[in-house]
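Trainee: One structure follows; several queries about it will come next.
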Amino acid sequence: MIRVSVVGAKGRMGSHVVEAVNNAEDTQLALALDAGDDLTQIDADNTDVVVEFTVPSVSLNNVLTLIGQGVDIVVGTTGWTDEKLSQVRDAIAQGPKPLTQKVFIAPNFAISAVLADYFAVKAAKYFESAEVIELHHPTKVDAPSGTAIHTARGIAEARKAAGLAPVPDATETDGGSRGQVIDGIHVHAVRLRGLNAHEEVLFGNAGEQLTIRADSFDRTSFMPGVLLAVRKLASDAPAGLTVGLDHFLDL
Ligand SMILES: NC(=O)c1ccc[n+]([C@@H]2O[C@H](COP(=O)([O-])OP(=O)(O)OC[C@H]3O[C@@H](n4cnc5c(N)ncnc54)[C@H](O)[C@@H]3O)[C@@H](O)[C@H]2O)c1
Ligand SMILES: O=C(O)C1=N[C@H](C(=O)O)CCC1
């Protein structure tokens, strides 16, 4: 049995993770903690893998504390900048398990979103124009979504590697309608009651368009990916920091 502790256990995602861990045959719930609880209750004597779904403003500190506790960590919380990722790498190097510590961060655990991102990066070099639209429930605290940032960065990298010019855009006045520009790719965020988590990647050439769309209608869509990550960390995932569920899929 893999002993799993959940941090952010009372949240929308954390409560689904608690249920998924309780229902899977090879996992058992160790501790379920939330805001105000002492994370140093979690250690290698009671936990094999921690799953962290909290809020972007606290996730880095939680991860640093948990690295200090010597437990492997699956993180679904968004808000990861290059600088924060460097701090995680440094903490692993200076932590109690520098050679074996595993930390896994995924902007999205839904297979539809991971594949949309993968296909978008593959398609990127063939199109003059590319834009990303993410659409989420109105209780989401961050915009644009972590997934959209990841997708935009992947598209930008693929365009750069292919030597593409910047996306064409004659806009001279913009009150914000052209969205946030991430590495040269415009990203637009919609917040709408009734939605859960959705992303569209639009590619255009003269006379043609490709749209790649992923829809997570329900949070249960993230659970197979979370359990896959837990199982990989408890078995053959590499030590160190890994970002993205694509690393655990045979793509
Ligand atoms: N990677 C994915 O597939 C995926 C999917 C959905 C959501 N998310 C991300 O997961 C995060 C959580 O989303 P949500 O909808 O569950 O949010 P939520 O607000 O419903 O839940 C967050 C939980 O974290 C708790 N919390 C806050 N501060 C804490 C602290 N210091 N220590 C422990 N717990 C603390 C809150 O009390 C709350 O219960 C967001 O960043 C969201 O974007 C990622
Ligand atoms: O509901 C959320 O919040 C989600 N957050 C992640 C993101 O920002 O990409 C994944 C999708 C759902």
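Each Cβ is built from the backbone N, Cα and C atoms, and glycine gets one as well.
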Trainee: Per TrEMBL, which one of Asp34, Asp37, Asp38 shares the NAD(+) site with Gly8, Ala9, Lys10, Gly11, Arg12, Met13, Gly76, Thr77, Thr78, Ala106, Pro107, Asn108, Phe109?
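Mentor: Matched candidate out of Asp34, Asp37, Asp38, per TrEMBL for NAD(+) with Gly8, Ala9, Lys10, Gly11, Arg12, Met13, Gly76, Thr77, Thr78, Ala106, Pro107, Asn108, Phe109: Asp34.
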Trainee: Cβ atoms within 10 Å, counted per site: which of Asp34, His136, Gly146 has the most, among these recorded positions?
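Mentor: Ranked by Cβ atoms within 10 Å, first place goes to His136.
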Trainee: For Thr77 (NAD(+) binding site), which of these recorded positions sit within 10 Å, Cα to Cα: His136, His137, Gly146, Thr147?
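Mentor: Of His136, His137, Gly146, Thr147, within range: Gly146.
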Trainee: What are the non-local neighbours of Lys140 (active site, proton donor), defined as same-chain residues 6+ apart in sequence with CB under 8 A from its CB?
Mentor: Arg191
